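S.K.: Quick one: the structure is below, and I'll ask about it shortly.
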Ligand SMILES: Nc1nc2c(ncn2[C@@H]2O[C@H](COP(=O)(O)OP(=O)(O)OP(=O)(O)O)[C@@H](O)[C@H]2O)c(=O)[nH]1
Ligand SMILES: [Mg+2]
């Protein structure tokens, strides 16, 4: 074990004991005793290249970075934006600006500089050497928040995998950074784990995590197959972080009449409150059932390694019959948030799903109600104050169940494949083996109805 390993291992034990201190940096003496708890005092730095493909303004992006920094436990002292047509390969914002920020750090007693974009290993190293403070980027910050929040075994593995993938091409820069800080944002792994710094170990660990995740995925697949068989439709809540997905899930659960108060999902006014998907069974007043899934929220510039790592969890979204895309109507950047969510869903292979666009928090939003779109698959509501929930329920019902038709099909014995398909995919209430074929009573959607209506028999024929 080298010096850094010992240092990190020890600091991870400290974090394990003093959870509320997570988010703060610590200083240790030679005996690895805490001698000082260092506040993570951060200056945020953004770069505006003035190109039109930026999906939001630099000001809004920096505000969000501030929220992310706070969510990770840092104190934000100030924000600096550099206008520059191109990224500087060595110093990202250019050496001159980096020197200015160094003076700024001294003046404000900052010990951390957070960049709004991903940096290369060389940029991190150069900037740290020049500015003499810890340098991290937006990706490290987001991964750090995820590392702090991950609860389930799968969540922890996914975050660790994302962190390791991010680390691998940046070992030189990060090694430097970690040996300098020892603790604090960017050094934490999920479950207070020490993060690897050695290339070979990282590769081994990545392959080990992949295997473990594959096992978990297989298990989930088995459960999903069971669910599919039971033919209960699946509805997934998706959207930008902090939009109110979990609040809406709890609201729908409370009115669905199912006794599951203990199963309320976690709601918090912070970014990335939910990391693990949660499933709950819902029952509509008219008794139809569906499964509702709550999922991790998205954010602008979501690290690619995280999207990759979370793919398996979000596989469920791919299979959902309906998406509820929740939007925070009070956020002035809601259009960007919708675009980001759609883009991430696209990356996950979720395309052309029936979707209800939900503008949430209308109890609070005042100024921009005229700006919020209205339309066929759009609903304005407040999950917190119970406004418009009944309209949403009706829409869900219409989307999931209005096209379903009860049918009695008499299938010749030569059409065994259709019989097995129906038994597999639809809610069969009766099968009867008759002389002229198999009589199947079931409920089908419009596509299946059109395909198999030729086999439909009416009640009089059935009685023969
Ligand atoms: N005023 C108001 N606040 C709401 C409403 N719905 C949710 N909130 C608040 O918004 C914050 C975030 O809510 P969550 O339900 O945790 O949001 P989420 O989309 O699950 O967030 P992540 O899990 O982080 O992706 C909480 O403070 C909620 O109380 C609403 O209708 N009106
Ligand atoms: Mg949530």
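Placement of Cβ uses the backbone N, Cα and C atoms for every residue, glycine included.
Look at TrEMBL and you will find 239-246, 272-276, 294-297, 360-363, 382-384 tagged as GTP binding site. Look at TrEMBL and you will find 246, 274 tagged as Mg(2+) binding site. What TrEMBL records for 233-404 is domain 'Hflx-type G'.
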S.K.: Checking the binding-site residues 239, 273, 274, 382: which ones have Cβ within under 6 Å of ligand 2?
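M.R.: Among the binding-site residues listed, those whose Cβ sits under 6 Å from ligand 2 are 273, 274.
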S.K.: Under 6 Å from ligand 1 by Cβ, which binding-site residues from 242, 245, 273, 274, 276, 382?
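M.R.: What lies within reach of ligand 1, judged by Cβ under 6 Å, is 242, 245, 273, 274, 382.
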S.K.: Across the whole of the domain 'Hflx-type G' (233-404), what does the mean pLDDT come to? Round it, please.
M.R.: 86
S.K.: Between residue 361 (GTP binding site) and residue 274 (Mg(2+) binding site), find the distance joining the two CA atoms and give it rounded to the nearest Å.
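M.R.: If we compare the Cα positions of residue 361 (GTP binding site) and residue 274 (Mg(2+) binding site), the gap is 18 Å.
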S.K.: In sequence order, which same-chain residues at least six apart have a C-beta under 8 angstroms from residue 246 (Mg(2+) binding site)?
M.R.: 237, 265, 266, 267, 273, 274, 294
S.K.: Compile a sequence-ordered list of residues in the same chain as residue 242 (GTP binding site), six or more apart from it, whose Cβ lies below 8 A from its Cβ; state 'none' when nothing qualifies.
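M.R.: Counting only residues 6 or more apart in sequence, the Cβ neighbours of residue 242 (GTP binding site) under 8 Å are 269, 270, 271, 273, 297, 328.
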S.K.: Once near-sequence residues are set aside, which residues in the chain of residue 245 (GTP binding site), 6 or more away, have Cβ atoms under 8 Å from its Cβ?
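M.R.: In sequence order, 237, 238, 239, 274, 294, 295, 297, 324, 326 meet the Cβ cut-off.
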S.K.: Determine, from DSSP, whether residue 382 (GTP binding site) sits in helix, strand or coil.
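M.R.: DSSP assigns residue 382 (GTP binding site) to strand.
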S.K.: Which ones in the same chain are close to residue 382 (GTP binding site), with CB under 8 Å and 6+ residues apart in sequence?
M.R.: 360, 361, 362, 363, 364, 388
S.K.: For a quick check of understanding: among the binding-site residues 273, 296, which residue's Cβ has the most other Cβ atoms within 10 Å?
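M.R.: Max Cβ neighbours within 10 Å, all protein chains included: 296.
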S.K.: Including all protein chains displayed, how many Cβ atoms other than that of residue 239 (GTP binding site) lie within 10 Å of its Cβ?
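M.R.: Counting Cβ neighbours of residue 239 (GTP binding site) within 10 Å gives 26.
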